[in-house]
Each structure stands twice: as structure tokens, then as C-alpha cells.
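Okay, so here's the structure we're looking at.
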Amino acid sequence: MDILKFIVFEILGVTPFLVGSIAFFGLVMQKKSFDVVLTGTIKTIVGFLVFGGGAAMAVASLDSFQQLFSEGFGLQGVLPLAEALTALAQTKFALCVSLIMVCGFAANLLFAKFTPFKNIFLTGQHNLYLAALLTVVFKALGWSDLSTIVCGSILLGLSACIFPAICQPWMRKITGSDEIAMGHYVTLGYALSGWIGSKVGDPKESTETIQLPGWLNIFKDYIVSVSISIGIFYYIAAFAAGKETVESIAGGMHWLVYPMFQALTFTAALYIIITGVRLLLSEIVPAFLGFSEKLIPNSRPALDCPVVFTYAPTATVIGFISAFVGGLLVMGVLAIMGSNVIIPVAIPYFFIGATAAVFGNASGGWKGAIAGSFVVGVLIGVGPALIYPIMESVGLSGTSFPETDFVALGLIVYYLGKMLP
């Protein structure tokens, strides 16, 4: 019994060791060499530890921003970042998030094997974010760990198969083939952008015939774009809060330096989180992928959104700007309404807006790129506000999910769950 308790609580109950164990057995079952098994297991564990370190930095920076924004405007400022929300969820529900991510990927393989939806979702970090969302929703409903893990894993597996299929018709337009799918949980938004493009423009009038100033390309570097955009909002919050308020929380740092320091700290935290997630998933996904290559014929990989950027690089910059304008509009409306204010943050607005523009461009040229990404920018501003109360109900504040698929699935599951006895 003591041995069993040790395994359950000291190994399986410690998230990095749990995921490391999954990688270990996956590699052993693929008959990998000893050095490959050892390297993969260690990198998986270290990846999770790096992720946790970034999470702690992000939480500290978010707390500072919340204080400044709340004091300055009397409003609740929310950063729509899946990375940050996942980090918060990971600190509170680590076991559930980890098991849903791992078991959900296995469920994805099973559903791809036995259903018409042959998509294998390989954007591992998005599965981790979805695992966090499902965990939070089920915990908000008061479900047990076991129920959360079982139902969350099934829903993640189904989502990984079905959501990429939603925008596959437009993926075929973009790539000219049916070999890859979109592995980014904004497929509802991307499909909508493609549809809007077909209604407002002509695909022959492509964004790639338009010349833009070269300086706009700096926003393709998310480290720079996050630092600048978050820095602007930190300074707005700091000036609104006033010198005395900033000094009271700055710990002796000059009140004009503190906002930029916190913005850069937040950017560093996101970089650490993303680096840790990539290191983790670069090892854990291949441990499972070996099974799928022989067991699931005719399957297609669902890859991260930058896979489409090369088909319309100019559209990506247009999409970021257009989506960000939509986000600013939503922020203003929410502020007037006295609701939780969703701050347009560069990471989601660049990657989501850019991808939406590529979809809009494929069906409606530059007009489709602008209109489609603008509408999606509005959606990823409204969506986080709609789902934020669920996040707050389990003690996760200051951030929310911007992804359209997460919001739609989360709201449906939550309100259906509320109907159950």
C-alpha cells in the first residue's frame, strides 16, 4: 500500500513526473534506444518545470497590472491570453489539466481512427490550453476530478478531430490541397472570415499585390509586439492611477520605469511559458505520434496557424491591424457599459488576426482580409468577456481565453452542465 501511495501521490501526483512518465512509456513502447528514452523523458520534465517558472512570473506581472488598472479607471482589466490563463489553471488544477491533455490526445487518435474526421491535432500547446479550459469549466460546475478528467478527455479528443474540419474548405483554397488542416482553436472565426471574404471581395484582388511600409513588419516578432502593446497599456494604467499609487506598489523603483519593467517582465514570462510548452510538447507528442503513423491511415496533421502565413504574408500584417482596431472598439464599448474591459493583447491579435486575414484573402482578396479579420477581432474581444465570469468563479482572475472555439465550447458545456440535476 505504501508503494502504491508513493506512486500515486509522489510520482503521478506531481505533474512534471506524471507527464514525464507518459513520455517514458510511449518511447519504450516504440522500442526507442536507451539514450532517446532518457533524453525524451528528461526534456519533458524540464519543459514542464520551465513552464511553471514562467507561470509564476506571469501571475506576478498580472497582479501589478490589475492593481494599476483598477485604481486608475475603477474598471476590471482582463488580458485575453490562453497562455496566462493556462498558467493560472495549472497552478490550481495541475493534475486534471495534465491528464486531460495526455488522455485527450490519445482520444484524438482513437476518434481519428474510427470516425470520418481524420485530423490529428499536433499543435500541442493548444491542446494544453483546451485541457485548462475544460478543467476550469467542469470545476466551476463542481465536478469531481475523475468526472472532469474523463469528460474533459473525451471532449478534447472530439474537438481535436472536429474543429479542424470546420474550416477545411477554406484551408483547401489557401493551400491548394487537402494534405494539412488548421490546428488552432479559432476555426469558427477562421471559417467566418473565409465566408465574409466570399461576400465582400474578389479573391483575384489579393493582398499580395499591395505594398506596405517595411516598419510594420516589426509586429511579426511577438516579443517586440507584446512588449510595445503591453507597455502602452501599463503606462496608460500607471498615468491613470497616478504617481503615488504606482510608487506604493513599485518597491522603490521609479514610477515611470516600473510600467515598462513590468511589461518586459510579462513578455519574458510569456516567452518562458511558450519555450517550456514547446520543449515539453516536442517530446510528448512524438511519443504518441509513433502509434498513429501505423494505426490511422488517411489521417492528416492539423498544424499551428503560422503554416498559412507563407501563402499571404502581407495579409498577416493587415490582419493584425484590422483585428486590433476591432479589439479597441470592443474595449471602448465594454468600458462604457461598465463591464470587464478586455485589453487587446498583441499575441492573440497578431496570430489570430493574421490567420483570419489569410482566410479572408483566399476568398475575398484584400477586402475579405480586412473585413474578416476585423470581425474576428471583435469576436476575440467579446468572447473573453462572455466566458470570464466562469474563470472568476473558480478564483482565476485577470485573464481569459480569446479563442472562438474555446469560448463556444466552454459556454455550451457550462450551461448544459448547469441543466443537469
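Placement of Cβ uses the backbone N, Cα and C atoms for every residue, glycine included.
Source: prediction; values computed, not measured.
Pulled from TrEMBL, these are the features on record:
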TRANSMEM  6-29  transmembrane segment
TRANSMEM  36-60  transmembrane segment
TRANSMEM  92-112  transmembrane segment
TRANSMEM  119-140  transmembrane segment
TRANSMEM  146-167  transmembrane segment
TRANSMEM  222-241  transmembrane segment
TRANSMEM  261-281  transmembrane segment
TRANSMEM  302-335  transmembrane segment
TRANSMEM  341-362  transmembrane segment
TRANSMEM  369-388  transmembrane segment
The transmembrane segment (369-388) in contact with the transmembrane segment (302-335), cutoff 8 A, at least 3 CB pairs, sep 6+: yes
Spatial neighbours of the transmembrane segment (119-140) far in sequence, C-beta under 8 Å, 6+ residues away: 82-83, 85-86, 89-90, 93, 96-98, 100-101, 104-105, 108-109, 112, 147-148, 151-152, 155-156, 159-162, 164-165, 181, 183-185, 274, 277-278, 280-281, 284-285, 289, 292, 296, 299-304, 390-391, 393-394, 396, 401, 403, 406, 409-410, 413-414, 417
Contacting positions for the transmembrane segment (261-281) when only residues 6+ beyond its ends and CB under 8 Å are counted: 19, 43-44, 46-55, 57-58, 60-62, 64-65, 81, 83-84, 87, 124-125, 128, 223, 226-227, 230-231, 233-234, 253, 347
Dominant neighbour of the transmembrane segment (341-362) in 36-60, 92-112, 302-335, by Cβ pairs under 8 Å: 302-335
Surrounding residues of the transmembrane segment (36-60) on its own chain - C-beta under 8 Å, 6+ positions past either end: 15-17, 19-24, 27-28, 83-84, 87-88, 90-91, 265-266, 268-284, 286-287
Cβ contacts under 8 Å made by the transmembrane segment (92-112) with residues that lie 6+ beyond its boundaries: 13, 15, 18-19, 22, 86, 118-121, 124, 127-128, 130-132, 134-136, 138-139, 145, 148-149, 152-158, 160-161, 284-285, 288, 291-292, 295-296, 299, 394-396
